[in-house]
Amino acid sequence: MSSEQTPTVTPASAPKIGFVSLGCPKALTDSELILTQLRAEGYETSKTFAGADLVIVNTCGFIDDAVKESLDTIGEALAENGKVIVTGCLGAKAGAGEGTNLVKDVHPSVLAVTGPHATQEVMDAVHQHVPKPHDPFIDLVPEARGVAGIKLTPKHYAYLKISEGCNHRCSFCIIPSMRGDLVSRPIGDVLSEAKALFESGVKELLVISQDTSAYGVDVKYRTGFWDGKPVKTRMYDLAARLGEMAREHGAWVRMHYVYPYPHVDEVVPLMAEGLILPYLDVPFQHAHPDVLKRMKRPANGEKNLDRLRRWREICPEIVVRSTFIAGFPGETEEEFEYLLDFLKEAEIDRAGCFAYSPIDGAPANELPGALPDEVREERRARFMAVAEEVSIAQLQRRVGATMQVLVDSAPALGRKGGVGRSYADAPEIDGTVRLLPPEKASKTLKVGEFTRARIVAVEGHDLIALPI
Ligand code: SF4
């Protein structure tokens, strides 16, 4: 979903993970990595076994007492909770028979067992039993990330926040009243942070804000400095510099929350050149000019379609993701159908839709013509049915193509396959590329690395691909 104020988001309570860390400082570091990752993904921790959705026990296998303590702790966790993942040194110990595992011998009902330094394998097991809760655009956006700030995302991708607040006053939104007007971060700081992230191994940088295309408006596109050279606080300059840096590091830059303003036209050639990903996350919210006016949206409905067409002429690979609101106060059936037509004509690759629901303090609450809940819901469902058709047709076109895929998960070095994303898929919000086991025995997949893959099928919102 979008970082904008969308009316129907009711965050469900986050799943809780119990965690016991036994052993030496090295084991503790492993625990910190796993806990950091859990937090980054929106899981909470539970102080008790009983109050958790799942328990992770990081074990020690150094001396007999430590082995006993670890096995006893696993037993307690199983008795009180039932869902237990074991990691750490004891997890690597063989059992009595050939090819067996000590922990599995004693406690056959544990869900998964890994050795030490296995954050990704532990996370894979957690995801399998307690799905990820988090929406990175709401939960995780750090307030301000220093150059050496703690990164709470998986090691290979990171969010780069370029501004706070918003100068618009959309009638359904209360973000400006909570966070104030747009305040752009100095371009030098933003670029320094990006450099540090790339140098730390980030392979995909996700640029976020409330309105990325407005970057620098508040400081009149002031000229800042980076790397001893002048650079303007402007979306184009930011995208170009980030793109150059990403190229040096063999990484991706993905822009979120871009409004279809005229000046975005000049950013599209950077996508065609491959400097930044040809992916645009444009929160249209509606298409009918009258509804957009009532919403007080910054972009003009009639021109959006033309602009999208022009962008695709310059860069045919562009993928557009967007969010919409169905059943806004006063929306007529005709206005709604106009929106459905837009969705088809604009060939929106990924669309999310919320049934309008009022937010305390939003001016739209005072608008006449509030629609009954059933109508709003019914329109949302109709919207999603069309969106799915459009999206699947777009995905079908990729079958047979070879794409670059960033690997997000690959247990056992991908021998049984894995999960990744192409340029068309932002983490958490879009589909994925499900990777089949490679045909060549020598081919491995590693989390945070790219692989080329041939798309062989579409399944729901995901692609199925063969790594090559
Ligand atoms: S552009 Fe509109 S919806 Fe987005 S944050 Fe600003 S006021 Fe809210």
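Residue positions begin at 1 at the first shown residue.
A Cβ is built for glycine as well, from the same backbone N, Cα and C atoms used for every other residue.
Small disclaimer: the values here were computed from a predicted structure and weren't measured.
Going by TrEMBL, these are the annotated features:
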BINDING   Cys24, Cys60, Cys89  [4Fe-4S] cluster 1 binding site
BINDING   Cys166, Cys170, Cys173  [4Fe-4S] cluster 2 binding site
DOMAIN    15-131  domain 'MTTase N-terminal'
DOMAIN    152-393  domain 'Radical SAM core'
DOMAIN    396-468  domain 'TRAM'
What mean pLDDT does the predicted model reach across the domain 'TRAM' (396-468)? 94
Rounded to a whole angstrom, what is the C-alpha distance between Cys60 ([4Fe-4S] cluster 1 binding site) and Cys166 ([4Fe-4S] cluster 2 binding site)? 50
Result for ligand 1 contact check over binding-site residues Cys60, Cys166, Cys170, Cys173 with Cβ cutoff under 6 A is Cys166, Cys170, Cys173
What are the DSSP helix/strand/coil residue counts across the domain 'TRAM' (396-468)? 5 helix, 31 strand, 37 coil
Express the distance between the Cα positions of Cys170 ([4Fe-4S] cluster 2 binding site) and Cys89 ([4Fe-4S] cluster 1 binding site) as a whole number of Å. 54
Cβ neighbour count within 10 Å, max among the binding-site residues Cys60, Cys170, Cys173, goes to Cys173
State the Cα to Cα distance, in Å, between Cys173 ([4Fe-4S] cluster 2 binding site) and Cys89 ([4Fe-4S] cluster 1 binding site), rounded to an integer. 51
Could you state the CA-to-CA distance between Cys166 ([4Fe-4S] cluster 2 binding site) and Cys89 ([4Fe-4S] cluster 1 binding site) to the nearest Å? 50
